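Database features, via TrEMBL:
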DOMAIN    42-290  domain 'G-protein coupled receptors family 1 profile'
TRANSMEM  28-50  transmembrane segment
TRANSMEM  62-83  transmembrane segment
TRANSMEM  103-121  transmembrane segment
TRANSMEM  142-163  transmembrane segment
TRANSMEM  204-227  transmembrane segment
TRANSMEM  239-261  transmembrane segment
TRANSMEM  273-292  transmembrane segment
């Protein structure tokens, strides 16, 4: 009972956000509102284009549509709360609300990570074993890969939430961040955090590094095969199918490693920008990156927009 009373002494947290200056709040509100609307619109267009055009019904675009769907919810977990806080003088979040937000941030972020591995494997099979591509990347196998990618991260997220729920928060309730994250919350605890920090530096690191290493291994194998292609045109075509995915991987994992592969004690406000990159900006940029040099997706988007415009004109 004493333990419960101590834990319940903090019923809400105060999020300091990106800036404490009043004059910054409205410009930041407008900026992130635009980012949020662009993210939702871009990812919805990708999903609609893929599902409405038969030529895009392939494993690569199937994974991309699931990634876009996840990115919509990933951003929605974070940005609407930020927008509300920009308009409020006191930026509070309840204890339960904080843990809930953190749960979905970690679950959805790691779903993105697993989907990037699935997409890398798809490119590996397409280039390194093209004659068996249809057999290996069957619809059933793709669905199983997505099911695995969407279920495993929830156990990872639940582990950290359960461990965090064992900590006592009885002093400061000010989070130096714009969202609920493990490192700043662990720093607020007035009880021992050794187990949390060990799990964060081992299990969490392994959960981040393992998918990244799988992607690196896939692209090493791809590079070996591509370098053996005699024609320059063949090499350019092979690299073009992988370059966009590698751009997304670099943006996503680069910012994540910068934030999370460091001791909790070294976490500072400077990590906010890296957090914004992998939680908000990457979700906004993914539709643009994947459609930038992808002729099939560009054509699908043109047909989709043209069809919607024709329907609006005739209605």
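Cβ atoms here come from the backbone N, Cα and C positions, even for glycine.
Remote same-chain residues near the transmembrane segment (103-121) are listed as 60, 63-64, 66-67, 70-71, 73-74, 77-78, 142, 145-146, 148-150, 152-154, 156-158, 160-161, 179-182, 207-208, 211-212, 214-215, 218-219, 245, 248-249, 252-253, 256, 278-279, 282 (criterion: CB distance under 8 Å, separation of at least six residues from the stretch ends). The list of residues near the transmembrane segment (273-292) in space but at least 6 beyond its ends in sequence, with Cβ under 8 angstroms from a Cβ of it, reads 32, 35, 38-39, 42-43, 45-46, 64, 67-68, 71-72, 74-75, 78-79, 105, 109, 112, 177-179, 181, 244, 247-248, 251-252, 254-256, 258-259, 298, 301.
Through the fold, the transmembrane segment (62-83) approaches residues 17-18, 29, 32-33, 35-36, 39-40, 43-44, 46-47, 50-51, 93, 101, 104-105, 108-109, 111-112, 115-116, 118-119, 122, 142, 145-146, 149-150, 178-179, 279-280, 282-284, 286-287, 290 of its own chain, all at least 6 residues removed from its boundaries and within a Cβ separation under 8 Å. Within the model, the domain 'G-protein coupled receptors family 1 profile' (42-290) carries an average pLDDT of 87.
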